[in-house]
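K.L.:
Annotations per Swiss-Prot:
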- Cys50: active site, nucleophile (ACT_SITE)
- Thr49, Cys50, Asn51, Arg52, Ser109, Glu114, Pro115, Gln116, Gln120: substrate binding site (BINDING)
- Gly189, Ala190, Gly191, Glu192, Thr193, Ile194: NADP(+) binding site (BINDING)
- His99: site 'Important for activity' (SITE)
Amino acid sequence: MTLLALGINHKTAPVALRERVAFSPETLDQALGSLLAHPLVQGGVVLSTCNRTELYLSVEQQADLQEALVRWLCDYHQLEPDEVRQSLYWHLGDEAVSHLMRVASGLDSLVLGEPQILGQVKKAFAESRRGHGLSVDLERWFQKSFSVAKRVRTETEIGSHAVSVAFAACTLARQIFESLADVTVLLVGAGETIELVARHLREHKVKRLLIANRTPERAQRLAEDVGADVINLAEIDSQLGEADIIITSTASTLPIIGKGMVERALKQRRYQPMLLVDIAVPRDIEPEVAKLADAYLYTVDDLQAIIEKNLAQRKHAAVLAETIVAQESMDFMGWLRSQSAVEAIRDYRTQADSLREEFEARALAALRLGADPEQVVKDMAYKLTNRLIHTPTKSLQQAAREGDAERLQILRDGLGLDTH
């Protein structure tokens, strides 16, 4: 049995190919069933995200294994092997083990250290478990990878520094305001970036969230998801003074918030400070706002500088994370190799127990017939010794006859002959 990882990702294939190789949630059960029906596959997990599609398998090692699995993948997606072969990567044994650990830890992600991938790996694992697709070794491999990912998060700062604009904006807000529990935030826009900001803020239990957008329907959908209130763009002027933090990201070609609007808001707030984060290009907030004493304006360029610094810190943390993965991968492979001896140890124990029962029964029978107890013990010890050394003696003699010094030494080590 061999552990294997096969797949494509953002580093090896363009999005056009990744789309064609992806497994949709609706077809995942069917795909898993088809994969598990393959004669070489003992267990499998299918991981399919926007950035990667990977098969994690326990398989019977054969000469044509790679070609057989590539053929299955291509047949399932109605692709020609030559269309995907150059983009596929293939990891066996310890390379497969460390690859999954790196993926789960965010070390192989498009955004270094991003935490979402761990949840996606756990979901893929759960899907396989529901479909009875897990072999013992495969389950142990994934559980170990989850614990490694947790250790990486705990012992390094791989996820501590914002490397997306949305996360950086929220991190900045948390740094300036000690707690968001007493803060009102106004979000202007309802696109993907603002949606990510809104979800980050909800996780940090912001006191009140307002969303203003040119299209009220889109703002309303987002507001329902994150527990926010919706206002019209025209209401920003009157509502601005309520907000401690304003984060904007629209497609407007002209500024939405001007210096005069912020001056009025500050007066309404009795000049309590305001944080304004403009992550739009072109800018949503007039640059002159930065000249106001109690208004702290940050642009996307300011956030980019934060992101670059944080990415450097993540890369530094990744060095330690890679060390953890290497160590844990080696430990897991040691455990995996030890499993190959489990059956032999079990058989050896059964044989020893059978031998003990045989000689014990003979001794008890002799005692019941009135034999001398001392002689019974001596006979049992002599015969048991001869039986125990018979097979090892033959193996030692054969190794010596064949001049196999390595095997002879292995036998000596196994029998404990060189311990004194």
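Going from the start of the chain as shown, residues are counted 1 onward.
Every residue gets a Cβ built from N, Cα and C, even glycine.
Note that this is a predicted model, so its numbers are computed, not measured.
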K.L.:
Check each residue in the chain of Ala190 (NADP(+) binding site) that is at least six apart in sequence and keep those whose C-beta is under 8 Å from its C-beta; list them in sequence order.
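P.N.:
Looking at Cβ-Cβ distances below 8 Å from Ala190 (NADP(+) binding site), excluding near sequence neighbours, one finds Ile211, Asn213, Thr215, Arg218, Ala219, Arg221, Leu222.
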K.L.:
So which other residues, same chain and not among Gly189, Ala190, Gly191, Glu192, Thr193, Ile194, have a Cβ within 8 Å of the centroid of the Cβ atoms at the NADP(+) site?
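P.N.:
Those within range, site residues removed, are Leu187, Glu195, Leu196, Val197, Ser249, Thr250.
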K.L.:
With a radius of 8 angstroms around the mean position of the C-beta atoms of Thr49, Cys50, Asn51, Arg52, Ser109, Glu114, Pro115, Gln116, Gln120, what other residues of the same chain does the substrate site pick up?
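P.N.:
Neighbours within 8 Å of the Cβ centroid, excluding Thr49, Cys50, Asn51, Arg52, Ser109, Glu114, Pro115, Gln116, Gln120: Leu110, Ile117.
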K.L.:
For Ser109 (substrate binding site), name the DSSP secondary structure in the helix/strand/coil scheme.
P.N.:
coil
K.L.:
Hey, how far is Thr49 (substrate binding site) from Gly191 (NADP(+) binding site), Cα to Cα, in Å?
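P.N.:
Just about 21 Å between their Cα atoms.
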K.L.:
Indicate whether Cys50 (active site, nucleophile) is helix, strand or coil by DSSP.
P.N.:
coil
K.L.:
Across the listed substrate-binding residues, Thr49, Cys50, Asn51, Arg52, Ser109, Glu114, Pro115, Gln116, Gln120, what is the farthest Cα to Cα distance, given in whole Å?
P.N.:
15
K.L.:
Please report the distance from the Cα of Glu192 (NADP(+) binding site) to the Cα of His99 (site 'Important for activity'), rounded to the nearest angstrom.
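P.N.:
On Cα coordinates alone, these residues lie 30 Å apart.
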K.L.:
Within its own chain, what residues at least 6 apart in sequence put their Cβ under 8 Å from the Cβ of Gly189 (NADP(+) binding site), listed in sequence order?
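P.N.:
In sequence order, Ala212, Asn213, Thr248, Ser249, Thr250, Ala280, Asp284 meet the Cβ cut-off.
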